[in-house]
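Quick look at what Swiss-Prot annotates:
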type	residues	note
REGION	1-26	region 'Disordered'
TRANSMEM	119-139	transmembrane segment
TRANSMEM	245-265	transmembrane segment
TRANSMEM	317-337	transmembrane segment
TRANSMEM	340-360	transmembrane segment
TRANSMEM	371-391	transmembrane segment
TRANSMEM	405-425	transmembrane segment
TRANSMEM	443-463	transmembrane segment
TRANSMEM	475-495	transmembrane segment
TRANSMEM	519-539	transmembrane segment
Amino acid sequence: MGVHFDDNANTTWEATDPGVSSDCDGQHRVTESIQLQNFSNTDMESMLDEEGRENSKSKWLLLKRKHPIQKFIERVWNGPVEPSDEPPSFPKRWGWLKKIDDFPQTTFKTKIPSKLIRLLLLIVYCCFWMRIFYSLIYPYLIKPPYFHPNDGSEKIPILSLSCNSYLNWEGTNNECGLNAKNCGPLDNKEYMIRCPALCDRGGWTYSAIAVGNRRVKYTGYEIGGGALFSEEDPMVVSYPYRSDSFPCASAVHAGVISPFYGGCTKVSMQGAQNSFPSKKGMYNTGFSVAFNSFFPGSYSFRDIQGGILSGCYDPRAAVVALNMLFGLPIFYLYDSIYGYWINTIVGYWTLVLSLDPPLLTDAHDPASVYELFSVGFQRLLPLCFVLYVVWKSAVKRTLENGSPIAKVILWYPTFWLGISNNVTFDRLPVDRLTTTDLKEQAGALTAVGSIAATILTCAVIQAYSLWKSGRFKKYFKIYICFIGGLIALGSLPGLNLRIHHYILGSILVPGCATRGSSAYLFQGILVGLILSGVARWDFASIVETDTALLRGEAGASLKPPILDFNDDQNHSLSWHLNATDPVIDQIGNIDGFSLLLNDVEVYVGKNETVSIDVLRMENPALAQMMDDALDASNGTIDLYLRVARASVRSPTNRGDYTNAGVLQWPNGMWQKPEPGVS
């Protein structure tokens, strides 16, 4: 009896009859062969598959006997019996669309089979693209702007401003010094200025600024002014704006500069004005801020004639359109890794150099342009690491071997939508997700609710896609870790959790690692948001201090004294420290007080009582402004008074000011300030 193996892996069992044998002498031996089952590799695999299916069936039979809720949870947790993660099907539904979808493979790569030639074509194409890009940004970013008079006289340099910068005003409160001596000239002076695009929203103030007894926030910082059409002096095209108004925001409000492509204008300093009534602005900018009392400085806009302007118009709209157009063929024809990296790098430099630059540059100062490039490269290296992680964790699965039509229709447009965040999502009435900001900004709660509902809907859609692909369990664990980390960071004492654009994109994009249509849509927006956030604000911290959140707003300095008024001496003010406040600050530098009248510092000293009559005697310019305002009014004017603790020798070293108390001059009617600081 024995077992023999043949070359075909068939096993034969031989049974030998002991009574019939064959020996060496030639006798015959009778044997019986029994053919057994063939255990080839293929058959073994099929047997295992059948066993696996039987095990799966037994699991589902057990699941059927469980409670419905338990069955639902286990099915959600374990995923479908047969996971699937298919690319979008719509490109295959119609013949003409299928031809377009197959063109990169069937035609482009067939006609140009050499990978080296395709790569050389790509390099030449990108060089041509960059040359046009440079020709668009050069006249605005690098070439200095001038006004060239027709009479052949010397050309006049044009000053570049940002949307929220001052012209000849230093800042809020007492930044201009006593009687505004550090600012100016406040009259008889003209400037040629250049403003960028998007100043209809870029000229908003996001930190509260006191204007009289009002706190201005979440609106354009233009006080008074408005468009003027005068037959007496047709060169004057606006009413006077208070001189601490943002000039570029005011120019858009007056309609002399476009919010779409910026421009140049002439600013004429007009000196003191008796009041600044609110006016409705152009380009849907709303009403300006009203101020019903005098101020030492103002300016108006004048028409520019008798010459040619150069370098005035902001090309950002053309730059974005160019880069969107030139990036499309690469994304469509070439492998996804080329389209991804080329378009993300180009999108980043589009933001830095044109769409949303992090620094104000002045072409008359080449160092500022070099600084912009330096900042751009500084942020680019860590950004490339983030983009690599995003590619490996999510984008590669979606785009690699994906549908070219889906990439062009779904991923690419939403990518540029995210890049253009400053003209898309930033226009929503949401500044930051803090309790104070949500209360102060009109429409913020409604907008946040809408955004949250949209994100939740997208999350459910994408969670279902992950579940269908059988990876819900894995990503659920990942996002539980993310949420736990955010909760831990938000619990740190003295710090506030801040989810910036790039953080939001980086957290959400791994959950879009599927091949369906939803992944194309969501990934594009999220990658664009990452680029937008880093290009404009760098890798801002995920946790910030209370002082950083104030953004220069009052609330972090020494508390002001309590402002008093004595009816018996109705032209005098006094103040005293709160009993719980220290007499001097910890360093010992703040030893006196600073008094503002109509938002301009008029007194610095150690006295705790000040007479308005004495201030008028010591400051003839103040007395003249008050008298002129009285003559132009109905016999009374409002004086807005605020006081703070300050250093006598260096008044800019100060604490917070009180809110404004209102003294009606000259009859002495007093309205005490509201609680709080300014």
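Heads up, the Cβ atoms here are built off N, Cα and C, so glycines get one too.
Here the structure is a predicted model, which means the values were calculated and not measured.
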Listed stretch, out of 317-337, 371-391, 443-463, 475-495, that has the most CB pairs under 8 angstroms to the transmembrane segment (405-425): 317-337
Tertiary contacts of the transmembrane segment (443-463) (same chain, 6+ residues out, Cβ under 8 Å): 428-431, 433, 437, 472, 475, 511-512, 514, 518-519, 522
Beyond the flanks of the transmembrane segment (475-495) by at least 6 residues, Cβ under 8 Å: 463, 466, 507, 510-511, 513, 542-546
Best-contacting stretch, by C-beta pairs under 8 Å, relative to the transmembrane segment (519-539) and drawn from 317-337, 340-360, 371-391: 340-360
Contacting positions for the transmembrane segment (317-337) when only residues 6+ beyond its ends and CB under 8 Å are counted: 104, 108, 118, 122, 125-126, 129, 132-133, 136-137, 197, 260-261, 343, 346-347, 350, 353-355, 391, 395-396, 399-402, 404, 407-408, 411-412, 416, 419-420
